[in-house]
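Colleague: The structure under discussion is supplied below as structure tokens; questions concerning it will follow.
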């Protein structure tokens, strides 16, 4: 984005802030109480009181004008502000002319000005002021007809011509009337401009809704108005004005405790309307986004923005603040009560920010521990941030317990802080395990089990804390004050933080238990089998001192195969289904005998030949699995699909065809004593026990 685009974006926000401030002022202004005060006072004869109903209607007209100013396009909004500046300049010229005429009346001198130094000074000052006003007006209105704005110079010209003072007063009034007529002419000539703008805007909105829909229209207006930045700037202006007002009326220095109270009170003062509350929500969102961005920058440097240029974070904290403010009725409270409640809500927001920081830091710290990066600065940044996330939530929970009375919301804050500290502790423990494994020459076999136990312990504690929060919330709902919003929060908390976590943990436990049972059911290889196999583990590519043998005759480390079985229940090489002892017993009881084997058993060869024996021995050594099975691949179909394909073959190959096929091959081998290549293309089916089919 260039400098021009940045300037236009800043102007787009700055020009719309006054419309939000006008809406805020109109919301604060109670018209009914204002006129009641006038009625009780001696001003009930005031013309404003006589037209109070017109004033009430103008109050609503002010809302409409504010919305119009808020939604105007930037070019038209800039023109409107320029016209407003020109009107202010004309008013300044009128004031300069009126002050000059008044000072001349008070002096009573009507002679030549060069003979009276004070009169000459007054004339020069008024002349310079009028020239500046005329020049600025011509620049603002972008016209070279400077005489249009020089009507207020007529009293100066009259004084220069030695016209009497009484006549100069009349000339000044004429100049004022002439300027007013110019303004009225300008307004009349542009009277249809708002109507034309509204007509064109309605036409464009109708086209957008017809083509893209209401949602696209809302998103387009949201982006064009830059609503989050607009409300944030509006709230910051309010907050700065509140702080300035306080310090401008105080002469004594403020203590540290007083500054904290001033900070909370000023925030509470800036949350008395829905518009200021929205401003605080977006401000908190941007503050959270800035903190999380700094956190990621501290951990990864500029690489964080290269990998993740758009961080859509921070809205969670803002929405949390908005929900809590609406649920507790923050706007309707008094300033002191609002400041107290706002401090609790801000504690909840800070706890949410800390949890988001941990979500950013956790994968980065674990990846750094598992990698071979030996940069001490990177490790220091990761560990220091984890230590901060370990200590600060605990300190915050301690301070809450010290200064506040315990209730449901404070229990949620404390539980969130404790869980954050526990999760950081688990992350540091896993990081230490990774670093220990890094400095060891041989890998630690049970490091994954230790990591699982650490994470499982944290998840169990997290589940128990969530369960305690739900129990406390239910007890407060039953025996205390019942609210719909509180019940909804308890229900949502119970579903997401209790029920779903319990389901996920139980499913993980069942998968690990099933994997352990499968590993125990597999036979352990002997040293002779390992020497005969003479291969490495196909999962970790390390030498095997001990291994288990799958039903498809593949060798793996027990720990490596167990990790694989945590994810899926197939062989890593051939993707055959690996079943436990109970599953194998059920499968064997339901299996049928292969018809080719039965036929060979009923009709054995009567005259075994040496060539036939050699041939059968050679065929017996042919591996049942192809060479593609020597590396794990995910492109091979699992065993279920192989069984389905075998079923398709059984549909096309009948029992008699298979028997005649095998008999013809055996007779040809017995008569010729040789095996032809076409003899290997037999349509007989393999036995069911041979799960590893050819690929």
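The backbone N, Cα and C atoms fix where each Cβ goes, and this holds for glycine too.
Swiss-Prot lists these features:
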type: COMPBIAS; residues: 589-604; note: compositional bias 'Polar residues'
type: REGION; residues: 589-608; note: region 'Disordered'
type: TRANSMEM; residues: 53-73; note: transmembrane segment
type: TRANSMEM; residues: 77-97; note: transmembrane segment
type: TRANSMEM; residues: 146-166; note: transmembrane segment
type: TRANSMEM; residues: 168-188; note: transmembrane segment
type: TRANSMEM; residues: 225-245; note: transmembrane segment
type: TRANSMEM; residues: 275-295; note: transmembrane segment
type: TRANSMEM; residues: 316-336; note: transmembrane segment
type: TRANSMEM; residues: 340-360; note: transmembrane segment
type: TRANSMEM; residues: 384-404; note: transmembrane segment
type: TRANSMEM; residues: 410-430; note: transmembrane segment
type: TRANSMEM; residues: 460-480; note: transmembrane segment
type: TRANSMEM; residues: 482-502; note: transmembrane segment
type: ZN_FING; residues: 537-575; note: zinc finger
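Any idea what these are sitting next to in the structure?
Modeller: Remote same-chain residues near the transmembrane segment (77-97) are listed as 11, 15-16, 69, 126, 129-130, 133-134, 136-137, 140-141, 149, 152-153, 155-156, 172, 175-176, 179, 183 (criterion: CB distance under 8 Å, separation of at least six residues from the stretch ends).
Outside the transmembrane segment (146-166) by six or more residues, the chain places 89-90, 93-94, 96-97, 100-101, 104-105, 108, 110-113, 123, 126-127, 130, 133-135, 137-138, 172, 174-176, 178-179, 182 with a CB less than 8 A from a CB of the stretch.
Long-range contacts of the transmembrane segment (168-188) within its own chain (CB-CB distance under 8 A, at least 6 residues past either end) are made by residues 87, 90, 93-94, 97-98, 101, 104-105, 148, 151-155, 158-159.
Within the same chain, residues 264, 267-268, 271, 284, 288, 291-292, 295-296, 299, 313, 316-317, 320-321, 324-325, 328, 330, 333, 385, 389, 392-393, 396, 400, 404, 409-410, 412-413, 416-417, 420, 423-424, 427 sit at least 6 positions outside the transmembrane segment (340-360) and bring their C-beta atoms closer than 8 Å to a C-beta of that stretch.
The zinc finger (537-575): residue composition by secondary structure is 10 helix, 6 strand, 23 coil, according to DSSP.
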Colleague: Report the listed stretch (225-245, 275-295, 384-404, 410-430) having the maximum count of Cβ pairs within less than 8 Å of the transmembrane segment (460-480).
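Modeller: Between the stretches 225-245, 275-295, 384-404, 410-430, 410-430 has the largest tally.
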Colleague: So what's near the transmembrane segment (410-430) in sequence-distant terms, Cβ-Cβ under 8 Å and 6+ beyond its ends?
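Modeller: Non-local partners: 344, 347-348, 351-352, 354-355, 358, 361-362, 365-366, 369, 383, 386, 389-391, 393-394, 396-397, 400-401, 404, 451, 454-455, 457-458, 461-462, 465-466, 468-469, 472-473.
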